[in-house]
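Among the features that TrEMBL reports, domain 'NADH-Ubiquinone oxidoreductase (complex I) chain 5 N-terminal' is placed at B:68-115. Residues or ranges marked as domain 'NADH:quinone oxidoreductase/Mrp antiporter transmembrane' by TrEMBL: B:132-403. Sequence annotations record features per position, and here TrEMBL assigns transmembrane segment to B:6-24, B:36-56, B:76-100, B:112-130, B:136-157, B:245-263, B:275-296, B:303-321, B:327-352, B:414-438, B:459-481, B:642-661 (among others).
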Amino acid sequence: MHLAYPAVLSALLFCTGLYGVLARRNAILVLMSVELMLNAVNLNLVAFDVWLSRAAEETLHSGQALTLFTIAIAAAEIGIGLAIVLAVHRNRGTADIDKLRDTAERHDSDGPDHDALAAERSDEDQKAEATA
Amino acid sequence: MTTTTLAALVPLLPFLGAVAGLLLGRTAPGFVRPLAVLPTLTSLVLAAVVAGRQGGGAAVDSATELTPTGSVPIELALHIDGFAALVAVLVGLVATCVQIYSTGYLRDDPRYPSYAALVSLFTSAMFLVVYSGDLIVLLVGWEVMGICSYFLVGHYWETPEARAASLKAFLVTKLGDVPFLIGLFALATDAGSFRITRILGTVASGGLDHPTLIALLLLAGVAGKSAQFPLHTWLPDAMAGPTPVSALIHAATMVAAGVYFIARLLPVFEASQAAMVVLAVMAAVTMTGSALAALAQDDIKRVLAYSTIGQLGYMTGALAVGDRGAAVFHLLSHGAFKALLFLAAGVIIHAAGTNSLAAMSRMRNLRDRIPDAYWTMTVALLALAAIPPFSGFFSKEAVLGVAEHVVTGHTEHTPAAAGWIVLVAGLLTAVLTAAYAMRLWLLAFRGRGTEAPDHGRQPLTMTVVLWVLAVPSLALGGFAFRLLPDWFDGRDLGPTLTTSVLGTGLALVGGIVTYAAWRHTTALAARVPLGAVAAHPEGDAAQVEAEAIATHKPAYGDIAYAPDPADPGRLLLGPLHRHAAAGFHLDAVYTVLFVRPVQAGASLVRFLDREVVETYVRGAGALPRWLGAAVRRAQTGNVQTYVSALLAGTVVLAVAAVLVATGA
Amino acid sequence: MILAASSATYLATGHTTGAAAQTHGFLSPTGVEIAFLLVGLVTFGAALVTVTTKQLVHAALWLVVTLGGLAVEYLLLTAEFIAWVQVLIYVGSVVVLLLFGLMLTRAPIGRSPDADSGNRWAALAVAVAAAAALVWVVVDAFRTTWIDLDGPAAGSTEATGASLFQNWVLPFEALSVLLLAALVGAIVLSRKAKAESSSPPVNAPATTKSSRTITESSGNAGRSEQEGAR
């Protein structure tokens, strides 16, 4: 079989997962996309292992061994990742990635929108107190 | 000890006293007074011993070079001839008197330690100037005096007058010091040395290339230091300092430094006829102008200040006709009686609670309250007015005699024109001097009106000093004019008949006319009440004086002037009175010529700095700030954006790496 | 579609190289290749639907299709053990976990209009550029490389097990420790709701410590939770 088939399929799957990671809003969908990327890598590993086990003398089947490891690590990652997403959802009421903006620039040094932002924030605080 | 060692100790002791006084001033206040008086007193004794050993014989010369300093060597040199020895004794005497007087005058002053240390430092610097045989070392003392003068005039720095006066004194003398420094360098370059003896040797052999230029440059510095026209304006304002400071600095020593400097280097000036004429004109304008101004002043210390300027004019006049013996003779006698005048004026100000003559003329019995000041001041004023047999008579007649000598054709280096200028101006000034001395005496001691305020007995330290100084004022001239030629150049200093009769007669005329005018105007004094009096029976004299200075301008509208119709000076001067009181508006001229352009330049520079330079600086700051704001917008907090940018960069880098690797 | 285009160009170039490589002709593709290509198309299509669908649960289900397709590809590549592991772990457990996660986060059933964030177009650009670069490089590099699938299977259970327990024992054991750590970590992260509501347990000091830090962080986050609720 032509080696380019699995290689190209792997590349395309990887980029699909990449798009998903970058474009999806829900954290669980992002995790799914990460799984896609990992599987693309796995396919690459398996394909090259099969190729090299015929072409080279001694390969120790490293590709397949690493694939197994990757699968195991992916399982661990999905477990931890879901736990984190659940924790975030519990604390913030949302699992949307683009609402988790704690590292954003605060505009508190200068700039015209500082006051407006502060007023807005204090409004939010008041509303929060009112609802609570 | 050798004479050289003794002479070296003379400037050193007050210097050490000043350092110790500054160091111990706060920690050990009990040592401050001994540290102020004793070194100066010792220096006086040592200076007298040095003078006795030198004895008018050959000059004592000694030099040591500390370290090579380039092309023209600078040496620690002593050059003690008769002039130096006697002037040092005068400096020591006046400084000692002033230090003793100050212990009483600034009895309760919290800044007395630093004041006494500065006076000691000043005395040390004056000794250095007097004894130094090297011009650069002399310049060191010269400048130290300038800075000490700045601090001492500004002693009452709480009052704006004192602050302005100290700044003015410093700036005006520095204005003269810059050409002075250049002149010194030019002189040393021509002579190849800073040593006075070598310079005089060069001059004697005619080796000076630019005598006129050098002499005029040096004259600028002398005019600044010795308060000669046109750089004299700082001296009347410097009366805002304490009275002992006025006595020491602005009467007896510092202003004498300029005259003394010319006396030392007289051959350099004599090498240029033009410089001698300039010197004569300067002396004449200074003499007559300052005497007119003195007649119109209301502040007693300003009268004395203008009088100092006038007497210094006599000295420079004597130098202009080429006789340094007469100049230094007058310097010695003037130093004694002018110090006495100032110190007595301090007592009067304390007793009267005012420095205004107009206010004093409305006080009864002032002379009975301070008999010591009354009698000693009378002696000093008679000396000032050159009435025989007081010391001022002999020294002034020596000056006039020399001028007459030149006029009658016995010229060596001096143009006859200089003789005429000095003689005429000197005789004219004799009239005016007697007039303002008479006016001062009448207004201060012959006042009538309310009782003078009681400030208690004057401290003993202040009154004893007056009598000590009264002795040379009274008797110095009569003995000295026979002895001094041995110490000086050997020229006869005795009074000649013509000038004696002429001078004394003119002085009497001036005094009598003033007395007549006073009789005429004094009736007005009762009708026009005037005067503000500071009464601090418990306070020391300095406190009274500081208050008097601070209140003069609010009370009378001007620092030098009082609207007093009972003033005989007003009657004598007529329409000239207003201009004379303002010092002939020289300050206004300076304001237009120098102060305004400098201020305009300063505001231009400020404009350039604030508006032009700052704009570039702000622009340089604004660009990064805008860039930073733009970059900050990228920090949205959205992790996906960050990862997108990261991966986009990775792709670009990977493609670039592949392209490079494949050689595309 | 990209796959189709690239394989089309690839087939076109295969005309010229096919003559040189007598044993592997493109014009006469083997059955394995055709099967691989078809399953690959299905897999890729399912992956595209997974990352683009607006129904979150459907995305998980399409992920099952993708992962299953990959398992078939592994089989075609004679890596049978990996294929069954893939089916067991991914399709069997990971997707189930994801579905649980979706439900626990109260993901909406049905179409949700905001499934994609505003970063979509930048993501698309990056992904397309990366795909173009990768496909170009991979095709350029392995144009003339063939896999020999004849003979004994490369990834039989026997071969895999032999290599795994002869050559990869130590990493394998280390991996087991990692899995244990992940297990414990997931439990700790999931327990914090209880720790927050009830009093902290007294049995394990490590747990107490971690729960305390979590309490603090959740205390900080309380306000934003309120905002989110609002």
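Glycine is no exception: its Cβ is also placed from the backbone N, Cα and C atoms.
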Q: Among B:136-157, B:303-321, B:459-481, point out the range having the most Cβ pairs under 8 angstroms from the transmembrane segment (B:76-100).
A: B:459-481
Q.
Counting Cβ pairs closer than 8 Å, which of B:6-24, B:245-263, B:303-321, B:327-352 has the most of them with the transmembrane segment (B:36-56)?
A. B:6-24
Q) Can you name the far-off residues of the same chain, 6+ from the ends of the transmembrane segment (B:6-24), with a Cβ under 8 Å from a Cβ of it? A) 31-32, 35-36, 38-40, 42-43, 46-47, 49-50, 53, 60, 62, 78, 80, 88, 92, 95, 113-114, 116-118, 120-121, 123-125, 127-128, 131, 141
Q: Please give the sequence-distant neighbours of the transmembrane segment (B:327-352): residues at least 6 beyond its ends with Cβ less than 8 Å from one of its Cβ atoms.
A: 83, 86-87, 90-91, 93-94, 97-98, 101, 105, 242-244, 246-248, 251-253, 256, 259-260, 262-263, 300-301, 304, 307-308, 311, 314-316, 318-319, 359-360, 363, 366, 369-370, 372-373, 376-377, 379-381, 383-384, 390-392, 394-396, 398-399, 444, 452-453, 455, 458, 462-463, 465-466, 469-470, 472-473, 476-477, 480-481, 484, 488, 493, 533, 541, 544-545, 548
Q) Would you call the transmembrane segment (B:414-438) and the transmembrane segment (B:275-296) in contact, using three or more Cβ pairs under 8 Å, pairs 6 or more apart in sequence? A) yes
Q: Could you tell me what the rest of the chain brings near the transmembrane segment (B:303-321), counting residues at least six beyond its ends with Cβ under 8 Å?
A: 222, 226-228, 232, 235-236, 238-239, 246, 250-251, 255-256, 258-259, 262-263, 266, 269, 276-277, 279-280, 282-284, 286-287, 290-291, 293-294, 297, 327-328, 330-331, 334, 338, 341-342, 345, 357, 384, 396, 398-399, 402-403, 405-406, 414, 418-419, 421-422, 425-426, 429, 432-433, 436-437, 440
Q. Which sequence positions outside the transmembrane segment (B:245-263), separated from its termini by at least 6 residues, show Cβ-Cβ distances below 8 Å to it?
A. 83, 87, 90-91, 94-95, 97-98, 101, 119, 122-123, 126, 129-130, 138, 142, 145, 148-149, 152-153, 155, 218, 221-228, 235, 238-239, 269, 279, 301, 304-305, 308, 312, 315-316, 319, 324, 327-328, 331, 334-336, 338-339, 341-343, 346
Q: With a Cβ cut-off under 8 Å, give me the same-chain residues at least six positions beyond the ends of the transmembrane segment (B:275-296) that come close to it.
A: 211-212, 215-216, 219, 223, 228-229, 232, 236, 262, 269, 302-303, 306-307, 309-310, 312-314, 316-317, 319-322, 413-415, 417-419, 421-422, 424-426, 428-429, 432-433, 435-436, 439, 560-561, 569-570, 572-573, 576-578, 580-581, 583-584
Q. To what whole number does the mean pLDDT across the domain 'NADH-Ubiquinone oxidoreductase (complex I) chain 5 N-terminal' (B:68-115) round?
A. 85
